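Trainee: Before anything else, here's the structure in question.
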Ligand code: 5AD
Ligand code: SF4
(Lines of atoms letter the chains of each structure in order from A; the text may use other names.)
(Lines give C-alpha, C1' and ligand atoms only; values in the text may rest on other atoms or scores of the structure.)
(Ligands and ions follow the chains in the order given, each with its own letter.)
Protein backbone atom coordinates (compact mmCIF):
# COMPACT_ATOMS: atom_id res chain seq x y z
CA UNK A 1 0.00 0.00 0.00
CA UNK A 2 2.74 2.46 0.78
CA UNK A 3 5.04 2.64 -2.11
CA UNK A 4 7.17 5.43 -3.52
CA UNK A 5 6.90 6.08 -7.18
CA UNK A 6 8.20 8.49 -9.73
CA UNK A 7 4.90 9.08 -11.48
CA UNK A 8 4.89 8.15 -15.17
CA UNK A 9 3.93 11.30 -16.91
CA UNK A 10 3.59 13.01 -20.25
CA UNK A 11 6.64 12.10 -22.23
CA UNK A 12 9.13 14.65 -23.45
CA UNK A 13 7.76 17.23 -25.84
CA UNK A 14 10.00 18.70 -28.50
CA UNK A 15 9.63 22.03 -26.74
CA UNK A 16 13.10 23.60 -26.67
CA UNK A 17 13.37 25.17 -23.26
CA UNK A 18 10.15 24.06 -21.59
CA UNK A 19 10.30 23.80 -17.82
CA UNK A 20 10.60 20.30 -16.42
CA UNK A 21 8.81 18.81 -13.43
CA UNK A 22 9.70 15.74 -11.40
CA UNK A 23 6.91 14.43 -9.18
CA UNK A 24 7.66 12.00 -6.39
CA UNK A 25 4.65 10.16 -5.05
CA UNK A 26 4.41 8.75 -1.55
CA UNK A 27 1.63 6.62 -0.09
CA UNK A 28 -1.55 5.29 -1.57
CA UNK A 29 -3.01 4.92 -5.05
CA UNK A 30 -5.10 8.04 -4.54
CA UNK A 31 -1.83 9.94 -4.51
CA UNK A 32 -0.70 8.15 -7.68
CA UNK A 33 -3.90 9.33 -9.37
CA UNK A 34 -3.47 12.87 -7.99
CA UNK A 35 0.14 13.02 -9.21
CA UNK A 36 -1.06 12.17 -12.69
CA UNK A 37 -3.67 14.92 -12.56
CA UNK A 38 -1.13 17.44 -11.23
CA UNK A 39 1.11 16.51 -14.15
CA UNK A 40 -1.88 17.16 -16.47
CA UNK A 41 -2.45 20.58 -14.89
CA UNK A 42 1.23 21.46 -15.27
CA UNK A 43 1.43 20.10 -18.82
CA UNK A 44 -1.43 22.41 -19.80
CA UNK A 45 0.78 25.18 -18.39
CA UNK A 46 3.78 24.20 -20.52
CA UNK A 47 5.68 21.91 -18.17
CA UNK A 48 7.07 18.64 -19.43
CA UNK A 49 7.72 15.76 -17.08
CA UNK A 50 10.97 14.11 -16.35
CA UNK A 51 11.85 11.05 -14.32
CA UNK A 52 15.35 12.40 -13.70
CA UNK A 53 15.30 14.62 -10.64
CA UNK A 54 18.54 16.37 -11.64
CA UNK A 55 16.95 17.64 -14.88
CA UNK A 56 13.96 19.18 -13.12
CA UNK A 57 13.21 22.88 -12.63
CA UNK A 58 10.39 21.95 -10.27
CA UNK A 59 10.32 19.05 -7.82
CA UNK A 60 6.95 18.24 -6.38
CA UNK A 61 6.61 15.86 -3.44
CA UNK A 62 3.13 14.36 -3.27
CA UNK A 63 3.11 13.30 0.34
CA UNK A 64 1.44 10.83 2.70
CA UNK A 65 0.65 11.47 6.35
CA UNK A 66 -0.77 8.11 7.37
CA UNK A 67 2.15 7.10 9.60
CA UNK A 68 4.74 9.21 11.35
CA UNK A 69 7.70 7.89 9.39
CA UNK A 70 6.07 9.00 6.13
CA UNK A 71 6.12 12.68 7.17
CA UNK A 72 9.70 12.42 8.44
CA UNK A 73 10.77 11.01 5.07
CA UNK A 74 9.34 14.12 3.43
CA UNK A 75 11.32 16.44 5.70
CA UNK A 76 14.55 14.61 5.01
CA UNK A 77 13.86 14.71 1.25
CA UNK A 78 13.24 18.47 1.60
CA UNK A 79 16.59 18.87 3.35
CA UNK A 80 18.31 17.33 0.32
CA UNK A 81 16.31 19.48 -2.10
CA UNK A 82 17.38 22.61 -0.18
CA UNK A 83 21.00 21.76 -1.04
CA UNK A 84 20.12 21.29 -4.73
CA UNK A 85 18.36 24.65 -4.68
CA UNK A 86 21.49 26.33 -3.27
CA UNK A 87 23.67 24.73 -5.93
CA UNK A 88 21.25 25.81 -8.68
CA UNK A 89 21.08 29.36 -7.35
CA UNK A 90 24.87 29.51 -7.62
CA UNK A 91 24.51 28.56 -11.32
CA UNK A 92 21.74 31.15 -11.74
CA UNK A 93 19.20 28.44 -12.60
CA UNK A 94 15.61 28.23 -11.35
CA UNK A 95 14.75 25.40 -9.00
CA UNK A 96 11.38 25.32 -7.29
CA UNK A 97 10.16 22.99 -4.58
CA UNK A 98 6.52 22.11 -4.02
CA UNK A 99 4.88 19.97 -1.34
CA UNK A 100 1.46 18.51 -2.14
CA UNK A 101 -0.74 15.81 -0.62
CA UNK A 102 -1.66 14.98 2.95
CA UNK A 103 1.46 16.26 4.77
CA UNK A 104 0.87 19.58 2.98
CA UNK A 105 -2.74 19.57 4.14
CA UNK A 106 -1.93 18.62 7.73
CA UNK A 107 1.16 20.77 8.31
CA UNK A 108 0.41 23.77 6.04
CA UNK A 109 2.46 26.82 7.14
CA UNK A 110 4.58 24.63 9.39
CA UNK A 111 6.31 23.19 6.29
CA UNK A 112 7.42 26.64 5.09
CA UNK A 113 8.57 27.47 8.62
CA UNK A 114 10.54 24.27 9.03
CA UNK A 115 11.91 24.28 5.49
CA UNK A 116 12.03 27.81 4.06
CA UNK A 117 13.37 26.53 0.73
CA UNK A 118 9.85 25.28 -0.09
CA UNK A 119 8.10 27.56 -2.60
CA UNK A 120 4.60 26.09 -2.69
CA UNK A 121 2.53 24.02 -0.25
CA UNK A 122 -0.69 22.78 -1.81
CA UNK A 123 -3.38 20.49 -0.42
CA UNK A 124 -5.20 17.59 -2.12
CA UNK A 125 -8.33 19.70 -2.68
CA UNK A 126 -6.64 22.62 -4.42
CA UNK A 127 -4.03 21.16 -6.73
CA UNK A 128 -5.91 22.39 -9.80
CA UNK A 129 -4.59 25.82 -8.72
CA UNK A 130 -0.98 24.66 -8.91
CA UNK A 131 -0.07 26.72 -12.02
CA UNK A 132 -1.31 29.95 -10.36
CA UNK A 133 0.50 29.07 -7.15
CA UNK A 134 3.76 28.57 -9.06
CA UNK A 135 3.35 31.88 -10.84
CA UNK A 136 2.88 33.64 -7.50
CA UNK A 137 5.88 31.83 -6.06
CA UNK A 138 7.99 32.89 -9.02
CA UNK A 139 7.06 36.46 -8.11
CA UNK A 140 8.70 35.92 -4.74
CA UNK A 141 5.65 34.94 -2.67
CA UNK A 142 5.70 31.78 -0.58
CA UNK A 143 2.35 30.09 -1.25
CA UNK A 144 0.42 27.88 1.15
CA UNK A 145 -2.95 26.81 -0.32
CA UNK A 146 -4.64 24.20 1.83
CA UNK A 147 -8.19 25.56 1.87
CA UNK A 148 -11.01 23.21 1.07
CA UNK A 149 -11.81 24.66 -2.35
CA UNK A 150 -15.43 25.59 -2.96
CA UNK A 151 -15.17 24.78 -6.64
CA UNK A 152 -14.94 21.19 -7.87
CA UNK A 153 -11.29 20.61 -8.72
CA UNK A 154 -12.19 17.91 -11.24
CA UNK A 155 -14.12 20.48 -13.28
CA UNK A 156 -11.00 22.65 -13.39
CA UNK A 157 -8.44 20.02 -14.36
CA UNK A 158 -7.63 19.26 -17.97
CA UNK A 159 -9.16 16.11 -19.46
CA UNK A 160 -6.61 13.42 -18.58
CA UNK A 161 -6.78 11.85 -22.03
CA UNK A 162 -6.24 15.10 -23.92
CA UNK A 163 -2.89 15.99 -22.45
CA UNK A 164 -0.43 15.96 -25.33
CA UNK A 165 2.37 13.47 -25.14
CA UNK A 166 0.74 11.43 -22.39
CA UNK A 167 1.61 7.75 -22.80
CA UNK A 168 -1.40 5.50 -23.14
CA UNK A 169 -1.59 3.00 -20.37
CA UNK A 170 -3.94 0.07 -20.60
CA UNK A 171 -4.86 0.44 -16.93
CA UNK A 172 -6.01 3.62 -15.23
CA UNK A 173 -7.17 4.88 -11.87
CA UNK A 174 -10.39 6.81 -11.56
CA UNK A 175 -11.03 8.63 -8.29
CA UNK A 176 -14.76 8.36 -7.59
CA UNK A 177 -14.83 9.46 -3.98
CA UNK A 178 -12.58 11.38 -1.61
CA UNK A 179 -12.42 11.89 2.12
CA UNK A 180 -13.87 9.83 4.92
CA UNK A 181 -16.53 10.20 7.61
CA UNK A 182 -15.71 7.01 9.48
CA UNK A 183 -13.27 8.48 12.01
CA UNK A 184 -11.39 5.33 12.93
CA UNK A 185 -9.53 6.49 16.01
CA UNK A 186 -6.04 5.79 14.61
CA UNK A 187 -6.52 7.52 11.28
CA UNK A 188 -5.66 11.01 10.00
CA UNK A 189 -7.61 10.71 6.75
CA UNK A 190 -10.83 12.38 7.97
CA UNK A 191 -8.67 15.36 8.98
CA UNK A 192 -6.31 15.53 5.98
CA UNK A 193 -8.70 14.56 3.20
CA UNK A 194 -11.80 15.96 4.87
CA UNK A 195 -15.42 14.85 4.71
CA UNK A 196 -16.59 12.18 2.33
CA UNK A 197 -17.44 13.57 -1.12
CA UNK A 198 -18.62 11.53 -4.10
CA UNK A 199 -18.08 12.65 -7.68
CA UNK A 200 -21.31 12.75 -9.70
CA UNK A 201 -22.27 9.81 -11.94
CA UNK A 202 -22.26 11.79 -15.20
CA UNK A 203 -18.77 13.16 -14.57
CA UNK A 204 -17.46 9.66 -13.85
CA UNK A 205 -19.09 8.06 -16.89
CA UNK A 206 -17.61 10.78 -19.10
CA UNK A 207 -14.11 10.38 -17.66
CA UNK A 208 -14.34 6.58 -17.87
CA UNK A 209 -15.52 6.65 -21.52
CA UNK A 210 -12.70 9.01 -22.46
CA UNK A 211 -10.15 6.79 -20.77
CA UNK A 212 -11.47 3.74 -22.60
CA UNK A 213 -11.48 5.64 -25.92
CA UNK A 214 -7.82 6.45 -25.34
CA UNK A 215 -6.92 2.77 -24.95
CA UNK A 216 -7.60 1.94 -21.29
CA UNK A 217 -8.91 -1.62 -20.76
CA UNK A 218 -8.90 -1.84 -16.97
CA UNK A 219 -10.23 0.79 -14.59
CA UNK A 220 -9.59 0.85 -10.85
CA UNK A 221 -12.07 3.03 -8.99
CA UNK A 222 -10.40 4.81 -6.11
CA UNK A 223 -11.57 6.34 -2.88
CA UNK A 224 -10.37 6.47 0.71
CA UNK A 225 -13.66 4.77 1.42
CA UNK A 226 -14.67 3.84 -2.09
CA UNK A 227 -17.69 1.72 -1.23
CA UNK A 228 -19.29 4.72 0.48
CA UNK A 229 -19.63 6.23 -3.02
CA UNK A 230 -23.18 7.38 -3.62
CA UNK A 231 -24.91 9.38 -6.29
CA UNK A 232 -28.07 9.77 -8.32
CA UNK A 233 -28.91 8.23 -11.64
CA UNK A 234 -30.55 10.14 -14.51
CA UNK A 235 -33.99 9.47 -13.00
CA UNK A 236 -32.94 10.95 -9.66
CA UNK A 237 -32.78 7.53 -7.97
CA UNK A 238 -30.20 7.16 -5.19
CA UNK A 239 -27.46 4.74 -6.23
CA UNK A 240 -24.32 3.25 -4.66
CA UNK A 241 -21.02 1.76 -5.79
CA UNK A 242 -22.67 -1.50 -6.91
CA UNK A 243 -24.90 0.42 -9.33
CA UNK A 244 -21.95 2.49 -10.53
CA UNK A 245 -20.08 -0.72 -11.37
CA UNK A 246 -23.04 -2.06 -13.38
CA UNK A 247 -23.12 1.23 -15.32
CA UNK A 248 -19.37 1.24 -16.01
CA UNK A 249 -19.55 -2.39 -17.11
CA UNK A 250 -21.70 -1.26 -20.09
CA UNK A 251 -18.88 0.83 -21.60
CA UNK A 252 -17.82 -0.88 -24.85
CA UNK A 253 -14.14 -1.75 -24.90
CA UNK A 254 -13.69 -1.78 -21.13
CA UNK A 255 -12.57 -5.25 -20.07
CA UNK A 256 -11.88 -5.11 -16.35
CA UNK A 257 -13.04 -3.25 -13.25
CA UNK A 258 -11.57 -3.05 -9.76
CA UNK A 259 -12.10 -0.76 -6.78
CA UNK A 260 -10.20 0.07 -3.63
CA UNK A 261 -10.25 0.74 -0.59
CA UNK A 262 -13.39 -0.47 1.10
CA UNK A 263 -14.85 -0.45 4.59
CA UNK A 264 -16.69 -3.58 5.77
CA UNK A 265 -19.66 -1.50 6.94
CA UNK A 266 -20.29 -0.25 3.41
CA UNK A 267 -20.31 -3.62 1.62
CA UNK A 268 -24.01 -3.53 0.77
CA UNK A 269 -26.14 -6.17 -0.98
CA UNK A 270 -25.99 -4.44 -4.36
CA UNK A 271 -22.20 -4.40 -4.29
CA UNK A 272 -22.11 -8.10 -3.43
CA UNK A 273 -24.54 -8.72 -6.32
CA UNK A 274 -22.14 -6.88 -8.63
CA UNK A 275 -19.44 -9.38 -7.61
CA UNK A 276 -21.86 -12.20 -8.46
CA UNK A 277 -23.07 -10.81 -11.80
CA UNK A 278 -20.21 -8.91 -13.38
CA UNK A 279 -17.51 -11.18 -14.78
CA UNK A 280 -15.44 -8.11 -15.59
CA UNK A 281 -15.38 -7.10 -11.92
CA UNK A 282 -12.13 -8.80 -10.97
CA UNK A 283 -12.25 -11.44 -8.21
CA UNK A 284 -9.99 -9.56 -5.84
CA UNK A 285 -11.15 -7.45 -2.91
CA UNK A 286 -9.14 -5.28 -0.55
CA UNK A 287 -11.27 -5.20 2.59
CA UNK A 288 -9.28 -4.03 5.61
CA UNK A 289 -10.32 -5.29 9.04
CA UNK A 290 -7.37 -3.84 11.05
CA UNK A 291 -7.76 -6.16 14.06
CA UNK A 292 -9.48 -9.35 15.17
CA UNK A 293 -10.40 -8.44 18.76
CA UNK A 294 -13.85 -6.94 19.34
CA UNK A 295 -12.51 -4.85 22.21
CA UNK A 296 -9.84 -3.30 19.96
CA UNK A 297 -12.24 -2.92 17.02
CA UNK A 298 -14.55 -0.97 19.33
CA UNK A 299 -11.74 1.21 20.60
CA UNK A 300 -10.70 1.80 16.95
CA UNK A 301 -14.30 2.88 16.23
CA UNK A 302 -14.54 0.39 13.39
CA UNK A 303 -18.22 -0.16 14.18
CA UNK A 304 -18.33 -3.87 13.47
CA UNK A 305 -17.35 -7.07 15.26
CA UNK A 306 -14.84 -9.65 14.07
CA UNK A 307 -17.58 -12.24 13.52
CA UNK A 308 -19.57 -9.80 11.37
CA UNK A 309 -16.53 -9.41 9.15
CA UNK A 310 -16.16 -13.18 8.83
CA UNK A 311 -19.85 -13.58 7.93
CA UNK A 312 -19.52 -10.80 5.36
CA UNK A 313 -16.53 -12.56 3.77
CA UNK A 314 -18.56 -15.77 3.63
CA UNK A 315 -21.36 -13.96 1.79
CA UNK A 316 -18.93 -12.40 -0.68
CA UNK A 317 -17.28 -15.78 -1.27
CA UNK A 318 -20.67 -17.34 -1.89
CA UNK A 319 -21.41 -14.67 -4.51
CA UNK A 320 -18.00 -15.02 -6.18
CA UNK A 321 -16.29 -18.25 -5.12
CA UNK A 322 -12.95 -17.47 -6.79
CA UNK A 323 -12.56 -14.14 -4.99
CA UNK A 324 -9.23 -13.48 -3.26
CA UNK A 325 -9.05 -11.30 -0.18
CA UNK A 326 -6.59 -8.63 0.77
CA UNK A 327 -6.51 -6.62 4.00
CA UNK A 328 -4.80 -4.08 6.24
CA UNK A 329 -3.80 -4.75 9.84
CA UNK A 330 -2.53 -2.62 12.69
CA UNK A 331 -0.69 -4.25 15.57
CA UNK A 332 -0.05 -2.64 18.94
CA UNK A 333 -3.06 -0.31 19.02
CA UNK A 334 -3.26 1.26 22.53
CA UNK A 335 -4.51 -1.30 25.05
CA UNK A 336 -3.86 -4.32 22.77
CA UNK A 337 -3.07 -7.32 24.99
CA UNK A 338 -1.49 -10.64 23.97
CA UNK A 339 -4.99 -12.08 23.91
CA UNK A 340 -6.27 -9.32 21.60
CA UNK A 341 -3.35 -9.91 19.28
CA UNK A 342 -4.06 -13.67 19.24
CA UNK A 343 -7.61 -12.80 18.12
CA UNK A 344 -6.09 -11.01 15.09
CA UNK A 345 -3.97 -14.10 14.32
CA UNK A 346 -7.10 -16.28 14.57
CA UNK A 347 -9.05 -14.06 12.23
CA UNK A 348 -6.21 -14.17 9.68
CA UNK A 349 -6.19 -17.99 9.88
CA UNK A 350 -9.94 -18.10 9.32
CA UNK A 351 -10.04 -15.67 6.39
CA UNK A 352 -6.87 -16.84 4.60
CA UNK A 353 -5.62 -13.76 2.75
CA UNK A 354 -4.06 -13.74 -0.71
CA UNK A 355 -2.29 -10.49 0.10
CA UNK A 356 -2.13 -8.07 3.02
CA UNK A 357 -0.50 -4.96 4.43
CA UNK A 358 0.35 -4.76 8.10
CA UNK A 359 1.71 -1.95 10.22
CA UNK A 360 2.77 -1.11 13.74
CA UNK A 361 0.39 1.39 15.27
CA UNK A 362 1.80 4.88 14.82
CA UNK A 363 0.34 7.50 17.13
CA UNK A 364 -0.97 10.48 15.12
CA UNK A 365 -1.39 13.76 16.99
CA UNK A 366 -4.94 15.05 16.77
CA UNK A 367 -6.53 11.61 16.42
CA UNK A 368 -8.44 10.13 19.40
CA UNK A 369 -6.11 7.11 19.46
CA UNK A 370 -3.18 9.33 20.43
CA UNK A 371 -4.94 10.22 23.73
CA UNK A 372 -5.81 6.64 24.71
CA UNK A 373 -4.02 5.10 27.71
CA UNK A 374 -1.80 2.01 27.59
CA UNK A 375 0.31 2.61 24.52
CA UNK A 376 2.10 -0.61 23.62
CA UNK A 377 5.91 -0.87 23.89
CA UNK A 378 7.79 -0.65 20.64
CA UNK A 379 9.49 -4.05 21.15
CA UNK A 380 6.12 -5.71 21.70
CA UNK A 381 4.79 -4.13 18.50
CA UNK A 382 7.87 -5.30 16.60
CA UNK A 383 7.50 -8.86 17.84
CA UNK A 384 3.75 -8.98 17.06
CA UNK A 385 4.26 -7.51 13.60
CA UNK A 386 6.92 -10.11 12.79
CA UNK A 387 4.59 -12.95 13.82
CA UNK A 388 1.65 -11.54 11.88
CA UNK A 389 3.74 -10.88 8.79
CA UNK A 390 5.15 -14.38 8.75
CA UNK A 391 1.63 -15.83 8.86
CA UNK A 392 0.45 -13.46 6.12
CA UNK A 393 3.49 -14.28 3.99
CA UNK A 394 2.80 -18.00 4.34
CA UNK A 395 -0.77 -17.44 3.14
CA UNK A 396 0.35 -15.23 0.29
CA UNK A 397 2.92 -17.79 -0.89
CA UNK A 398 0.41 -20.61 -0.65
CA UNK A 399 -1.98 -18.55 -2.77
CA UNK A 400 0.72 -17.93 -5.40
CA UNK A 401 1.69 -21.62 -5.48
CA UNK A 402 -1.98 -22.61 -5.90
CA UNK A 403 -1.91 -20.77 -9.24
CA UNK A 404 0.65 -23.17 -10.77
CA UNK A 405 -1.04 -25.23 -13.51
CA UNK A 406 -4.08 -22.91 -13.67
CA UNK A 407 -5.23 -21.31 -16.90
CA UNK A 408 -6.34 -17.70 -16.68
CA UNK A 409 -6.79 -14.42 -18.55
CA UNK A 410 -3.89 -12.05 -18.57
CA UNK A 411 -4.13 -8.37 -19.45
CA UNK A 412 -0.80 -7.49 -21.06
CA UNK A 413 0.48 -4.22 -19.61
CA UNK A 414 4.13 -3.70 -20.52
CA UNK A 415 7.22 -5.25 -22.08
CA UNK A 416 9.17 -7.73 -19.97
CA UNK A 417 12.92 -7.81 -19.46
CA UNK A 418 13.66 -10.38 -22.17
CA UNK A 419 12.85 -9.91 -25.89
CA UNK A 420 9.41 -11.34 -26.67
CA UNK A 421 8.47 -11.30 -23.00
CA UNK A 422 5.48 -9.33 -21.78
CA UNK A 423 4.21 -8.58 -18.29
CA UNK A 424 0.53 -8.72 -17.50
CA UNK A 425 -1.84 -8.87 -14.55
CA UNK A 426 -3.83 -11.87 -13.50
CA UNK A 427 -7.44 -11.35 -12.37
CA UNK A 428 -6.00 -11.52 -8.83
CA UNK A 429 -3.66 -8.57 -9.41
CA UNK A 430 -0.55 -10.72 -9.65
CA UNK A 431 2.21 -9.67 -11.99
CA UNK A 432 2.76 -12.43 -14.58
CA UNK A 433 5.70 -12.81 -17.04
CA UNK A 434 4.90 -14.57 -20.29
CA UNK A 435 6.68 -15.25 -23.60
CA UNK A 436 4.07 -13.99 -26.02
CA UNK A 437 5.74 -13.02 -29.29
CA UNK A 438 2.53 -12.60 -31.27
CA UNK A 439 0.59 -10.61 -28.66
CA UNK A 440 0.48 -6.89 -27.96
CA UNK A 441 0.17 -4.67 -24.93
CA UNK A 442 -3.53 -4.22 -24.22
CA UNK A 443 -4.43 -7.76 -25.36
CA UNK A 444 -6.09 -10.18 -22.99
CA UNK A 445 -4.67 -13.64 -23.57
CA UNK A 446 -5.15 -17.06 -21.99
CA UNK A 447 -2.07 -18.33 -20.20
CA UNK A 448 -1.09 -21.27 -18.05
CA UNK A 449 0.92 -20.54 -14.92
CA UNK A 450 4.15 -22.54 -14.87
CA UNK A 451 6.00 -21.19 -11.81
CA UNK A 452 5.67 -18.81 -8.88
CA UNK A 453 8.50 -16.44 -7.88
CA UNK A 454 8.54 -14.28 -4.75
CA UNK A 455 6.95 -11.25 -6.43
CA UNK A 456 5.56 -12.51 -9.70
CA UNK A 457 4.33 -15.54 -11.61
CA UNK A 458 5.60 -17.10 -14.84
CA UNK A 459 3.34 -18.41 -17.57
CA UNK A 460 3.13 -19.83 -21.08
CA UNK A 461 0.52 -19.04 -23.67
CA UNK A 462 -2.30 -21.58 -23.33
CA UNK A 463 -3.07 -23.64 -26.45
CA UNK A 464 -6.40 -22.96 -28.19
N1 LIG B 1 -0.82 3.64 12.43
C2 LIG B 1 -0.57 2.52 11.70
N3 LIG B 1 -1.23 2.19 10.59
C4 LIG B 1 -2.20 3.04 10.18
N5 LIG B 1 -3.03 2.99 9.13
C6 LIG B 1 -3.80 4.09 9.14
N7 LIG B 1 -3.49 4.86 10.19
C8 LIG B 1 -2.50 4.23 10.87
C9 LIG B 1 -1.77 4.51 12.04
N10 LIG B 1 -2.01 5.60 12.76
C11 LIG B 1 -3.06 1.86 8.19
C12 LIG B 1 -4.44 1.19 8.21
C13 LIG B 1 -5.06 1.65 6.93
C14 LIG B 1 -3.84 1.78 6.03
C15 LIG B 1 -4.03 2.62 4.82
O16 LIG B 1 -2.85 2.33 6.86
O17 LIG B 1 -4.25 -0.21 8.21
O18 LIG B 1 -6.02 0.75 6.41
FE1 SF4 C 1 -9.13 6.06 7.89
FE2 SF4 C 1 -11.04 4.48 8.87
FE3 SF4 C 1 -11.64 6.31 7.00
FE4 SF4 C 1 -10.19 4.15 6.33
S5 SF4 C 1 -12.31 4.14 7.08
S6 SF4 C 1 -9.77 6.30 5.76
S7 SF4 C 1 -8.98 3.83 8.19
S8 SF4 C 1 -10.94 6.72 9.10
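Backbone N, Cα and C atoms are what each Cβ position is placed from, and that goes for glycine too.
Bear in mind that TrEMBL entries carry predicted annotations, made automatically and left uncurated.
According to TrEMBL, the protein carries these features:
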BINDING   28, 64, 102  [4Fe-4S] cluster 1 binding site
BINDING   180, 184, 187  [4Fe-4S] cluster 2 binding site
DOMAIN    19-139  domain 'MTTase N-terminal'
DOMAIN    166-398  domain 'Radical SAM core'
DOMAIN    401-463  domain 'TRAM'
Trainee: Could you name the residues, excluding 180, 184, 187, of the same chain that surround the [4Fe-4S] cluster 2 site, i.e. Cβ within 8 Å of the Cβ centre of those residues, in sequence order?
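Mentor: After dropping the recorded site residues, what remains is 182, 183, 186, 188, 189, 190, 224, 225.
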Trainee: Given 180, 184, 187 as the binding-site residues, which ones have a Cβ positioned under 6 Å from some atom of ligand 1?
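Mentor: From 180, 184, 187, counting a Cβ under 6 Å from ligand 1 as near, the near ones are 187.
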Trainee: Summarise the domain 'MTTase N-terminal' (19-139) as counts of helix, strand and coil residues per DSSP.
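Mentor: The domain 'MTTase N-terminal' (19-139) comes out at 68 helix, 24 strand, 29 coil.
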Trainee: Taking ligand 2 as the reference, state which of the binding-site residues 28, 64, 102 have a Cβ closer than 6 Å to one of its atoms.
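Mentor: Those binding-site residues that pass the cut-off are none, since no Cβ is under 6 Å from ligand 2.
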Trainee: Distance between residue 187 ([4Fe-4S] cluster 2 binding site) and residue 28 ([4Fe-4S] cluster 1 binding site) at the Cα atoms, whole Å?
Mentor: 14
Trainee: Which residues does residue 184 ([4Fe-4S] cluster 2 binding site) neighbour through Cβ under 8 Å, counting only same-chain ones at least six apart?
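Mentor: Listed in sequence order, they are 290, 300, 301, 302.
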Trainee: Give me the Cα-Cα distance between residue 28 ([4Fe-4S] cluster 1 binding site) and residue 180 ([4Fe-4S] cluster 2 binding site), rounded to a whole Å.
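Mentor: Cα-Cα distance, residue 28 ([4Fe-4S] cluster 1 binding site) to residue 180 ([4Fe-4S] cluster 2 binding site): 15 Å.
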Trainee: To the nearest whole angstrom, state the Cα distance for the pair residue 102 ([4Fe-4S] cluster 1 binding site) and residue 180 ([4Fe-4S] cluster 2 binding site).
Mentor: 13
Trainee: At the level of the C-alpha atoms, what whole-angstrom distance separates residue 180 ([4Fe-4S] cluster 2 binding site) and residue 64 ([4Fe-4S] cluster 1 binding site)?
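Mentor: Just about 16 Å between their Cα atoms.
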Trainee: Just name the most isolated of the binding-site residues 28, 102, going by other Cβ atoms within 10 Å of its Cβ.
Mentor: 28
Trainee: Measure from the Cβ of residue 180 ([4Fe-4S] cluster 2 binding site) and count the other Cβ atoms within 10 Å, all protein chains considered.
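Mentor: So the number of other Cβ atoms within 10 Å of residue 180 ([4Fe-4S] cluster 2 binding site) is 24.
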Trainee: These are the binding-site residues: 64, 187. Which one scores highest on other Cβ atoms within 10 Å?
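Mentor: Counting Cβ neighbours within 10 Å, the top one is 64.
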